[in-house]
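Reviewing the structure listed below.
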Amino acid sequence: MTSRMPTSGHRTSSSSSERGNMSVQQGKKPVVPGMSSGEDSSRPSTSYPQVPPAPLRPGWTLSRDSSVVRGINGDFHPGAQTPMSGMTHASWLTNNGNESNLSFTSSIMQEEAKLRWDSDEELKKMSKSMLRLQKWSLIIGLAGINGALIYIGWKYYQVYYFFLVLLSSNTVLQSFMCICIILHWFCTRVLCFWWRPKENIPAEPEKMVLLLPCYNETYEELTRSLDSLIAQKHIDNHPRVIFIVVDGNVRGPGMEKTTQEYLLQDILEPGPSRTFENGYRARDGLFMPVKTQTGFYKGIPYVFVGKRYNQGKRDSLCFARSLLYHFKQRSENVVTMFNNDLFEYIGNNFINAGLDDVTYLCGMDADTVFDEDCIYEMIVEIRKNPKVVGVCGHVCVDFDGSNWGYWSLYQSVEYSQTQGLRRMFQSRITGKVNCLPGCCQLIRVDEATFGDAVLRERFGYCPKPNDIMTQHIMGNYSEDSIHASIIFSLFPGCQTAQALRAKAMTIVPQDWKVFLSQRKRWALGSISNEFVMIFRPGIILIERLQSLIAVITWAITPFIIAAFVELLMVFAKRGKEVMSDPVFLGLICVLFFRYLYSFCIGFWLPRNNLERLQYFAGYVMHLFTSPFMNIIILVYSLFHSDDFKWGKTREVIRGEKDTDDAGGRGTH
């Protein structure tokens with residue numbers, strides 16, 4: 001039987017090396033160039049088809065990656081027999097039962113077995129794309145609105161009076177607050193002969209937990225804060241425990257040890273310790289391993305809880321506040337975030353320290369120092385009204401030896417004006433202080449403050465990747481104001497207050513990077529909360545109005561500054577004519593009254609003459625630089641609104657950060 005021979009040596013279906021391969025697979029001996037089929041004297045002739053050698057196509061070169069010639073040095077012409085390999089001696093039988101001396105060797109590597117796409121990673125990418133789209137939509141929208149307002153204001157003078165209402169709304173509201181505060185002072189101090197609400201002193205002193213959440217604080221910062229708690233006056237008869245919660249185990253720049261190591265090795269007195277691999281369910285939904293230690297710090301009992309992973313300050317607050325609430329309620333057979341072993345362990349330590357019940361939680365930051373009467377003054381304030389569930393102190397700038405630095409003076413004036421105007425109006429008039437700063441607060445342990453409906457379902461909400469930007473902002477920033485707004489919405493009868501006599505000194509940013517990072521969080525967090533408060537149920541009318549005006553003022557900040565510049569130009573050109581206009585004259589009087597009140601804050605809010613001089617020096621600086629600062633903060637906040645990293649304000653050593661975030665347990 002004869003086989004049909006190809007008509008051409010230039011076949012398009014396979015190369016010469018492939019034909020040799022096919023011969024091996026069929027058990028045939030490849031034809032060697034120059035040898036005919038009948039010249040093999042060692043074997044009888046067979047009826048196998050004979051394939052003549054085919055020359056290479058023009059321009060073809062032998063590939064080093066060929067499966068036949070891989071690993072063989074020198075030229076290997078098509079049709080030649082493959083040499084014996086030194087790597088393998090695997091063989092197989094020919095048709096006649098004889099072993100073949102042909103072999104095949106390879107050095108390929110197989111790719112890893114993994115999914116073609118990671119659902120979590122793709123979801124994160126989609127979330128970032130959505131946030132970026134929302135960010136640019138917001139920027140373009142605000143730029144368009146402000147550009148249109150500026151153009152209309154310059155082009156059409158007929159809309160001046162409408163713009164006056166828009167521009168003066170915030171100033172008029174602030175002037176109204178000033179008048180209410182003055183009238184309140186006049187009624188309570190003059191007409192009522194210095195009447196003050198009666199302090200309701202309980203039969204037994206209230207029992208307190210002093211909460212100190214930490215992250216990457218230094219040895220000096222920790223000892224200053226703890227020592228200020230020890231030095232508190234007039235509360236010696238109040239049973240209390242210092243509750244320290246450290247978020248992760250990291251080192252900040254210049255730190256030789258982590259914050260947990262500073263506390264356990266150098267600051268706190270040694271005591272019994274215990275590790276819980278399953279401590280509680282964190283905000284990310286996974287179980288959080290914690291290390292606990294109990295003992296005494298300068299005579300005051302403490303409970304230390306060190307979290308293995310960083311989950312943010314809000315996670316620490318949810319853990320501590322919810323634990324105190326369920327401890328106070330003696331919760332049984334209810335679903336909580338806590339492992340029962342950890343809950344019992346900490347509860348027993350509270351009882352052994354004399355706290356069979358907890359009335360108040362006093363919160364502070366690890367970079368804050370309390371004045372010696374701070375806690376007592378907050379207790380006095382919260383006793384005045386049983387409806388009050390939370391009190392904040394007066395937060396002052398810690399100048400730390402640099403009494404005339406620009407950053408400290410500027411921020412000191414900001415702090416004083418905020419607390420001396422809107423927060424004071426909320427405390428004295430509405431009873432709804434919408435922000436209890438975490439660096440100085442006293443909160444009643446109650447269903448309205450620390451119940452599951454407030455903490456676990458709303459305050460502790462962890463944003464999903466497909467949530468809108470507002471939800472991401474509120475889930476990461478401004479936890480203090482968001483907590484208060486949730487209380488007002490769910491429990492409209494509750495009130496909060498401010499104790500101006502309760503002084504607390506806090507460290508403020510001293511450079512642009514840290515300052516802008518902090519103000520971005522404050523600006524985005526507060527304005528998002530104000531926006532949500534417009535629509536929240538249970539919010540009183542005056543607070544809704546304040547929130548609405550705050551949102552509008554923030555959105556048209558460039559237009560307001562442009563209008564102010566135009567007003568100065570009009571004054572320069574037609575000053576007499578402007579002053580004869582009663583509308584403009586009334587607006588200027590309202591504006592002047594607002595700034596006069598802010599100036600007078602320097603006479604009654606500071607504690608001594610040095611602080612008064614610092615306030616007035618900062619007031620002048622703030623008056624001329626705040627418009628530029630506001631624009632810079634607005635632009636920076638908008639262009640970084642999709643970045644939810646804490647940046648310089650929570651800076652850690654890179655290697656430590658990687659260790660802390662192992663397993664995807666990072667904050668954001």
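Just so you know, glycine gets a Cβ as well, placed from its N, Cα and C.
Database features (Swiss-Prot):
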- 1-26: compositional bias 'Polar residues' (COMPBIAS)
- N21: N-linked glycosylation site (CARBOHYD)
- N98: N-linked glycosylation site (CARBOHYD)
- N101: N-linked glycosylation site (CARBOHYD)
- N216: N-linked glycosylation site (CARBOHYD)
- N476: N-linked glycosylation site (CARBOHYD)
- 1-62: region 'Disordered' (REGION)
- 136-156: transmembrane segment (TRANSMEM)
- 162-182: transmembrane segment (TRANSMEM)
- 522-542: transmembrane segment (TRANSMEM)
- 548-568: transmembrane segment (TRANSMEM)
- 583-603: transmembrane segment (TRANSMEM)
- 615-635: transmembrane segment (TRANSMEM)
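Swiss-Prot feature annotations superimposed on the structure.
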residue	record	DSSP class
N101	N-linked glycosylation site	coil
N216	N-linked glycosylation site	coil
N476	N-linked glycosylation site	helix
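By the Cβ criterion (under 8 Å, sequence separation of 6 or more), the transmembrane segment (615-635) is not in contact with the transmembrane segment (162-182), since fewer than 3 such pairs are found. By the Cβ criterion (distance under 8 Å, sequence gap of 6 or more), the transmembrane segment (522-542) is counted as touching the transmembrane segment (548-568), at least 3 such pairs being found.
Here the transmembrane segment (136-156) has long-range neighbours at 163, 469, 555-559, 562-563, 566, 638-639, 641, meaning same-chain residues at least 6 beyond its ends whose C-beta is under 8 angstroms from one of its own. The separation of N216 (N-linked glycosylation site) from N476 (N-linked glycosylation site), Cα to Cα, is 18 Å.
On a Cα basis, N216 (N-linked glycosylation site) lies 70 Å away from N101 (N-linked glycosylation site).
Counting every protein chain shown, 20 other Cβ atoms lie within 10 Å of the Cβ of N476 (N-linked glycosylation site). With the fewest other C-beta atoms within 10 Å around its C-beta, N101 stands out among the glycosylation sites N101, N216.
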